[in-house]
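As structure tokens, the structure follows; a few thoughts come after it.
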């Protein structure tokens with residue numbers, strides 16, 4: 001009777017009922033999957049925030065933004081006259097050899113060393129301290145002390161690299177990598193010391209790796225080495241991440257570490273969890289309020305560009321931008337450039353600076369050619 005009313009036999013009714021049940025179950029299943037996905041994302045986001053917060057809380061590092069000035073105390077006001085020298089000979093020699101500005105003003109019993117390059121500033125600071133302690137200040141002595149200071153800073157670079165590796169408990173690091181790490185002590189990025197930033201990234205990456213069950217030693221290693229390309233990026237062309245990866249590979253680092261270094265600025269795709277972890281740790285360290293100074297970095301880039309233009313000419317031995325970029329001093333090889341050519345070179349450099357750089361006011365271009373003849377009386 002029911003079959004007649006419904007115009008369907010029992011088999012057809014059964015199929016229809018099953019179809020309806022399947023549809024309803026599918027809808028329930030889809031809804032359940034969506035709810036589970038939503039819940040999983042919420043839990044994942046909460047867990048990720050917790051991991052990052054834990055890493056930041058447990059990572060306590062000193063952050064001192066490098067300025068461009070160092071102060072050297074003097075034992076007395078009389079020492080200022082010795083530093084300047086007769087007709088300014090001493091101060092001129094010191095500035096020419098170190099590439100810094102020596103500011104001798106009304107500040108009582110102190111001399112200021114101004115330079116955008118922390119490495120040059122450190123060499124100048126050590127040299128000046130030695131000269132003041134010795135009290136013998138004349139051009140020949142200045143030259144001797146500056147050379148010794150350069151060697152001392154080379155040792156300091158090695159010590160800083162070894163200290164960074166020791167502090168993080170990392171072993172089996174090649175001497176070349178240690179030297180590169182030490183050089184980062186004298187590099188800044190947006191006002192943030194690069195070695196300090198690298199150590200901070202290593203700490204954060206290590207803590208996050210431990211939280212998610214990864215090898216935290218490998219993460220710390222990759223974090224510490226992620227910016228080694230910045231130690232040589234003035235000598236090698238290309239993005240510092242790829243330069244760093246190339247150096248790490250050359251000096252026998254783990255392939256995972258090499259990949260993480262190369263991918264931390266997305267110059268190549270991040271294909272491992274470690275690479276993503278280093279990207280995150282780098283971003284956390286760099287984006288922390290107060291970590292970086294955009295205005296200072298723009299100023300440093302302009303100064304570096306000025307020096308790069310000068311050193312691009314043949315015969316130029318070295319170039320120093322001084323007076324906050326308002327003057328460029330260029331030392332040339334006396335055997336390659338004559339007095340007449342030095343005048344022409346000065347004009348060429350000034351023209352190139354005018355064409356390639358935008359700056360307020362004017363920039364003084366000074367070319368210095370010094371020829372020394374040495375003979376010994378026997």
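Just so you know, glycine gets a Cβ as well, placed from its N, Cα and C.
Annotations in TrEMBL come from automatic prediction, not curation.
Under the heading coiled coil, TrEMBL lists 7-53. Summarising the annotation, TrEMBL assigns domain 'HD' to 194-287.
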Residues in the domain 'HD' (194-287) grouped by DSSP into helix, strand and remaining coil: 67 helix, 0 strand, 27 coil
Arithmetic mean of per-residue pLDDT over the domain 'HD' (194-287): 86
